[in-house]
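Heads up: the structure comes next, in structure tokens.
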Amino acid sequence: MSRSAHPAGPRHADVLPEGHYSAPPADLNALDPKVWAQTVERGEDGVVTVGGIGVTQLAEEYGTPAYVLDEADFRARARAWRTAFGTDADVFYAGKAFLSRAVVRWLNEEGLNLDVCSGGELATALSAGMPADRIAFHGNNKSPEEIERAVHAGVGRIVLDSFQEIVRVAHIAQSLGKRQRVQIRITVGVEAHTHEFIATAHEDQKFGIPLAGGHAAEAVRRALQLDGLELIGIHSHIGSQIFDMSGFEVAAHRVVGLLKDIRDEHGIELPEIDLGGGLGIAYTSDDDPREPHEIAKALTEIVTRECESAKLRTPRISVEPGRAIVGPTAFTLYEVGTVKPLDGLRTYVSVDGGMSDNIRTALYDAEYTVALVSRASDAEPMLVRVVGKHCESGDIVVKDAFLPGDLAPGDLIAVPATGAYCRSMASNYNHVLRPPVVAVREGEARVVVRRETEEDLLRLDVG
Ligand SMILES: *Cc1c(COP(=O)(O)O)cnc(C)c1O
């Protein structure tokens, strides 16, 4: 398996045959609802609209590149997760996928909780009014200052990731005169991504405390002894872009096994179990993600069954979807700058952004699709690679796709399913300015994260 295909890449390098894009889609003007946000459609004039607004108008008003986010779609997905899990479970949106104050307000209104994993994410959440008790604080190396701010703010839980952190959080909580609710993140020897998972005996990763070797049980022992901590549960997060539920099945089995050991040793039943996030979305038409209600049903059944056989009360379940909520809600709108046919190979289409606004292709071998959105075209399909404007040959946005053969500079193209891990991983490479996030809803567009300016860049550069 190639390093670059793991962990947040869309699929294992070995799963799909090379070049499965060999045949162009039947209709290049069609927009597969699987990969596009729900209000996206192509109007009769050929211009694609979102929330009732044409992309040509958006480009004119806000410039390109821009992330265009369908607010109705975001809210619908958030609500679907919330509803699917009901009142006996908690849904924490993983803020690292994409976080802004508008998003925090939407989540708050839709009744979701929020995962943060840095002081910056915590500050964003609090400044947009997310109640602290609905925030979970993650991370494998939270600084003492971050821990102090989180405890002081009263976050609902801190997810402990190491032996040092157990002591650190306990100490800080005690010095603030508080008892902090915590979970312990364990690694259960399950590595899941895409269509398969690997169950191994040992762990080789930075997150969590290994279940194997009795380490997780020892962490529980220590946490239970410390006055500053209230241990409420066990946390497990097994991977990213997962379609196959069997990894969760093995993970739940092992976590419940630990809960049973804890009951046998300490006489207590921990009330919560967090199964993390990682649920997959459709980046291309080949991907078949499950609906939230199917996932909720499967996860609830797995945990209930495991607890029944261990004779444990079923704990309250929480899940942490990030990508599955925000990923499909946005597309990146680019303007074509150059079109360069290479004989017998492919045509390189250069856009006005690139790896600074979408690093996933370079980092994970991620796959995306692309469409011409400023007009319809009946021209023959041509095989393209969509590349950015950066000084790097790996600056690829879409590796292989088909666009109409009459594509020309000035056309607008859009890459769907860029809501997660694109703006949040964006950089200033080549001093390129990070694009805005424009939220569209019912015929109205507004900037929720503005475009960076050269002034922003120069303000950081103090000379
Ligand atoms: C990244 C992460 C998530 C969210 O993952 P998605 O693939 O976006 O659903 C949830 N929980 C934890 C602990 C994570 O690290």
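Including glycine, each Cβ sits where the backbone N, Cα and C put it.
TrEMBL entries are annotated by machine, without manual review.
Sequence annotations record features per position, and here TrEMBL assigns domain 'Orn/DAP/Arg decarboxylase 2 N-terminal' to 72-327.
According to its DSSP assignment, Lys96 (N6-(pyridoxal phosphate)lysine) is coil. Residues within less than 8 Å, Cβ to Cβ, of Lys96 (N6-(pyridoxal phosphate)lysine) and separated from it by at least 6 positions along the same chain comprise Asp115, Val116, Cys117, Glu121, Gly322, Tyr421, Ser424. The N6-(pyridoxal phosphate)lysine annotation in TrEMBL covers Lys96.
Sequence-distant contacts (6 or more apart, same chain, Cβ under 8 Å) of Glu320 (pyridoxal 5'-phosphate binding site) comprise Val91, Phe92, Tyr93, Ala94, Asp115, Ala136, His237, Asp274, Gly276, Gly277. In this structure, Glu320 (pyridoxal 5'-phosphate binding site) belongs to neither helix nor strand by DSSP; it is coil. Taken from TrEMBL, the feature pyridoxal 5'-phosphate binding site applies to Gly278, Glu320, Pro321, Gly322, Arg323, Tyr421.
The annotation substrate binding site is assigned in TrEMBL to Arg323, Arg360, Tyr364, Glu392, Tyr421. The Cβ neighbour count for Glu392 (substrate binding site), using a 10 Å radius over every protein chain in view, is 14.
Per TrEMBL, the feature domain 'Orn/DAP/Arg decarboxylase 2 C-terminal' maps to 331-419.
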Under 8 Å by Cβ from Arg323 (pyridoxal 5'-phosphate binding site), counting only residues of that chain that are 6 or more apart: Ala94, Ala97, Ser240, Gln241, Gly277, Gly278, Leu279, Gly280, Ile281, Ala420, Tyr421
Span of Arg323, Arg360, Tyr364, Glu392, Tyr421 around substrate - largest C-alpha separation, Å: 27
Additional residues around pyridoxal 5'-phosphate, ordered along the sequence, whose Cβ is within 8 Å of the centroid of Gly278, Glu320, Pro321, Gly322, Arg323, Tyr421: Ala94, Lys96, Ala97, Ser240, Gly277, Leu279, Ala324, Ile325, Gly327, Ala420
Distance [Cα-Cα, Å, rounded] between Arg360 (substrate binding site) and Pro321 (pyridoxal 5'-phosphate binding site): 18
Structural state census, the domain 'Orn/DAP/Arg decarboxylase 2 C-terminal' (331-419) (DSSP three-state): 5 helix, 41 strand, 43 coil
